[in-house]
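Asker: Attaching a single structure in structure tokens format; questions to follow.
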Amino acid sequence: MEKYSSKHQFTHCVKDLHVKNSDLTCTGGYDAIIQYLNEGKRTCKEVEEFMKARASIEEKYAKDLLGLSKKVCGHNEMNTLKKSLDIFKLQTEHVSLSHLQLAQSMREEAKKLEEFREKQKEIRKKMEQQMDALHKQKSSQFKKTMDTKKTYEQKCRDKEEADQNVNRNTNTSNTKHIEKLYTKAQQAKQNAEEADRLYHQNVTTLGKLRDEWLKEHIRACEMFEKQAMERINFLRNTVWTHLNQLSQQCVTSDELYEEVRKSLEQCDVQEDIEHFVNLRQTGDKPPAPVMYENFYSGQKSPTGGPPSRLPPPIIRRGPLPDPSNNSRGMLLFFLLKYSVMVCSC
């Protein structure tokens, strides 16, 4: 039995499978490797489709996010909060664009995987065609050899039978019968020798075909093993790159959101209230009370008009005042209150 190189695991696998079935025409080991390679090719296709689907999800999310960033958000707000909301919308748009770029990067990686798969497919196709041709030749020659072996064995039995007939009739006085048996024995001997020559010739031819097949078989196993190693490594690196892209997207999004957080840190509640009061105030004094005017005397009552019969207005209570607010904050609300009263009048 030929020695197999210790570094090629596929060759060992095929050797073990052939030991279980010593038939020269058996292709069990080769078929097992081809099935393994086909399953590997299917895995490449599945990962490729997975990445394309994930890219489509990222693209849809990016477009939805971009549309959301264009919607009105805090249009009537003012001062520092308005700036923060504007930055919030802007960074949301930037996040959407980064997801769009991520989708494109994913498609590029999927394209690389597709090209790798097609390249391996073309290389395998040539080798498989060569091996299929050798398998057919080997199988055909094996059948031919077995047929000539059967013929050879039958001719040998015919020769032995003819020789036995000659030996049994050695003492017969019938000369013509003896000559006939002898001629038949000679012919059987020639037939057996010719059958032996053809059988030996076919065995030699089959041996050459086997040697050629074995040489190509080992070369194919080495090439298939190399392809399998390249495929596993390429898939591992592809998924690793895919995860790096997702991680980088998280980092990018957080950096963009950090800009919003920085803006929110600069948002001053007291400053925004003061800005509104300064912008919309109408005065710093409350309106004067309405005086009672007597129709007959034309004199104004210093006490004002009669009390209203209407129920007092319902005033909603706001949150408890913050003890940290200073007196200026109270003054601003005071001014705001009377400014609103003047405007309502």
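Glycine too: its Cβ is placed from the backbone N, Cα and C atoms.
According to TrEMBL, the feature compositional bias 'Basic and acidic residues' maps to 144-162. Per TrEMBL, the feature compositional bias 'Polar residues' maps to 164-175. Under the heading compositional bias 'Pro residues', TrEMBL lists 304-314. Among the features that TrEMBL reports, domain 'F-BAR' is placed at 17-272. Summarising the annotation, TrEMBL assigns region 'Disordered' to 134-176, 296-322.
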Asker: Kindly report the helix/strand/coil residue split of the region 'Disordered' (134-176) according to DSSP, in that order.
Answerer: 37 helix, 0 strand, 6 coil
Asker: Pop the mean pLDDT for the domain 'F-BAR' (17-272) in here, whole number is fine.
Answerer: 91
